[in-house]
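Structure first, then comments.
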Amino acid sequence: MLRFVMEPCACPAALFLLLSAVLLGATAFEVEIKDDKNATCIYAKLSVNITVQYETNTSSSKNVTFPVPSKVTTNGSSCGSDSEAPILVTHFGNSHSWSLNFTKNESTYSGSALIFTYNTNDTTLFPDALRKGLLSSPATFLGPVPLNSTYKCISSEVVVGKNVTQIIYDVKLEAFVPNGTLGKEVTCDADKPYPSPSPTQPSTTASTTTPAPTSKPLDNPTTGNYTVSDVNGTCLLASMGLQINTSLLSEGENIWTPFNIDPWVIKSNGTCTNQTGTLILTENSTIIEFTFALKNKNHFYLEGVNVTLINGSAFSYRQNQNLSDWEASVGSSYMCHKEQQIKVSEDLFISAFDVRVQPFGVHNGTFDTAEDCFADQNFIVPIVVGAALGALVVLVTVAYFIGRRRQYSAGYEQM
């Protein structure tokens, strides 16, 4: 039995390919995340088959299907704390990752966001991908489960995100494990022998609850310092303060509401190639992806920005891949202290403050000489100097004509 959790996706053949993969069989991965006392806090054993739809360098679309393998690493996973939610992160292949955030209330726990990140520089899976780098696809997975219980579901669940479709099955999972001991198993409805439809079954279409907008202006955001590294060391540097401005519906009206990005809770990663640089900033409710590209091999610029906002079990995704901002020469860095506004969509803008970025040619992990943005350039001194020179030219010209006039007058008097 299949259960569908849908988000918009242009993957018409994905489901067929995934079902074929399930029939052919797939591997399961099993992981345990432990706290500082070596007690298990998250346990997961499940099988995941993934289909990604991507654009090729011939402007066509192609689907590729692959499983999450049995051997994964869990760097970045955390049991959480009073201020940070638990997260399960699995890494596999060529920089691919599958992560699930958890949240809880007094009686249940659930998955708050499922993020699959794939690397189109992997030529085995994406040999002809047009866009290179790390791309993230958010979705939702794991409804409410009673605390101190292990969720078990053999049946397949289809989870669809942006350009990514997943079939998740043979699941045995528990978060917030008490004292390192798994609780009793709770079987999903799809596995029950005689399931009966419930009139109160929640809709698979998630509703978004938004905070009340406020007209009170925010202080400028705190500046964060971010890096991306590859096998050769630091390959991308960025320093900036970020503020999201989005249109929220309140009492029947769309009101623009800003909120600052806190760099202290942001995790940064990305990729570097000869042609592109990608910086991905992630925290529990926001994912911002900056893509830099080369122009005529001598200049770099900001080519695109993707923003994902996660609110409980719902999320929104906005992107703009036709930018030409933050341009500077390769071998130098771009710097701008004044506010820079980036239009991601009609209902979402990013305001960036104290920006300095260098996505190419980083040496020794430090910024090279900065090229100032147009807004930062001081035109007062050139204007004053130009005005003074102009005035001097006028004075010299006037003095010359006065001198000539006196000379002519003296000649007439002698005659």
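Cβ coordinates come from backbone N, Cα and C, glycine included.
Just so you know, TrEMBL annotations never went through curation; they're auto-generated.
Database features (TrEMBL):
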type: SIGNAL; residues: 1-28; note: signal peptide
type: DOMAIN; residues: 36-176; note: domain 'Lysosome-associated membrane glycoprotein 2-like luminal'
type: REGION; residues: 188-225; note: region 'Disordered'
type: COMPBIAS; residues: 201-215; note: compositional bias 'Low complexity'
type: DOMAIN; residues: 221-362; note: domain 'Lysosome-associated membrane glycoprotein 2-like luminal'
type: DISULFID; residues: Cys336-Cys373; note: disulfide bond
type: TRANSMEM; residues: 379-402; note: transmembrane segment
type: DOMAIN; residues: 381-412; note: domain 'Lysosome-associated membrane glycoprotein 2-like transmembrane'
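Helix first, then strand, then coil: DSSP counts for the domain 'Lysosome-associated membrane glycoprotein 2-like luminal' (221-362) stand at 0 helix, 102 strand, 40 coil. Within the domain 'Lysosome-associated membrane glycoprotein 2-like luminal' (36-176), the DSSP-based counts of helix, strand and coil residues read 0 helix, 85 strand, 56 coil. For the disulfide-bonded residues Cys336, Cys373, the ranking by surrounding Cβ atoms (within 10 Å, all protein chains) places Cys336 first.
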